[in-house]
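The domain 'Cupin type-1' annotation in TrEMBL covers 57-201. The Mn(2+) binding site annotation in TrEMBL covers His103, His105, Glu110, His149. Per TrEMBL, the feature oxalate binding site maps to His105, Glu110.
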Amino acid sequence: MIRYPHSGRSNDLDQSSHLLTVATWDLFSELDKSVKAVAPMQFWTVCFAQKVSSVWPGVAGNTTNIISAAVTPAFVAQFPAVNGLGISLARLDIAAGGVIPMHTHPGASEVLVTIQGTILAGFISSANKVYYKTLNKGDIMVFPQGLLHFQINSGKGPVVAFVSFSSASPGLQITDFALFANELPTELVTKTTFLDPVVVKKLKKVLGGTG
């Protein structure tokens with residue numbers, strides 16, 4: 001058994017390190033006393049709290065870009081605390097006139113909660129039926145896994161929203177960037193989208209694509 005002087009004193013230790021040490025001691029103490037599986041709730045809570053404070057501060061994103069919007073993800077790659085939990089989240093900041101373009105999350109469904117401003121949000125079903133709604137502060141909308149969806153700032157001020165996902169790694173693919181921000185030849189894009197070559201070349205130039 002691991003023994004630890006469980007005095008609650010932390011004069012010589014950083015507070016967060018002390019809390020982690022105490023939680024670890026308590027976990028091993030429970031394991032030592034039990035013949036059954038033990039849920040390490042206190043240990044996990046301490047670890048999660050440290051990740052929350054040090055990895056994902058949830059600050060506003062930089063919206064000075066072509067879409068006048070920013071997504072600050074807390075997926076497992078950026079926020080290891082969600083590893084194995086089947087959840088993740090992200091913050092959306094959309095300036096006036098900004099848009100989160102048509103995109104998809106291949107690995108998860110999404111729930112959006114509007115915190116500030118007005119959002120026009122929608123998705124396209126697998127039967128190509130469109131669902132969209134104007135969301136005000138406090139409104140919620142669900143986007144099913146894998147379906148194309150979007151969010152537009154339809155108000156006059158900035159938008160802040162939080163989204164949660166049913167996976168620690170939901171994935172993200174923005175349709176515009178997938179088509180026009182890579183080296184896929186213009187003739188192939190034209191053939192598969194029925195767009196005019198001039199339009200395709202213009203979009204490639206704007207979004208940094210080649211070919």
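Heads up, the Cβ atoms here are built off N, Cα and C, so glycines get one too.
Highest Cβ count within 10 Å among the binding-site residues His103, His105, His149: His105. Remark: secondary structure over the domain 'Cupin type-1' (57-201) totals 22 helix, 56 strand, 67 coil, with classes taken from DSSP. The Cβ of Glu110 (Mn(2+) binding site) lies under 8 Å from the Cβ of Val142, Phe143, His149, Val163, Ser164, Phe165, Ser166, Pro170, each of which sits 6+ residues away along the same chain.
In this model, the domain 'Cupin type-1' (57-201) carries an average pLDDT of 94.
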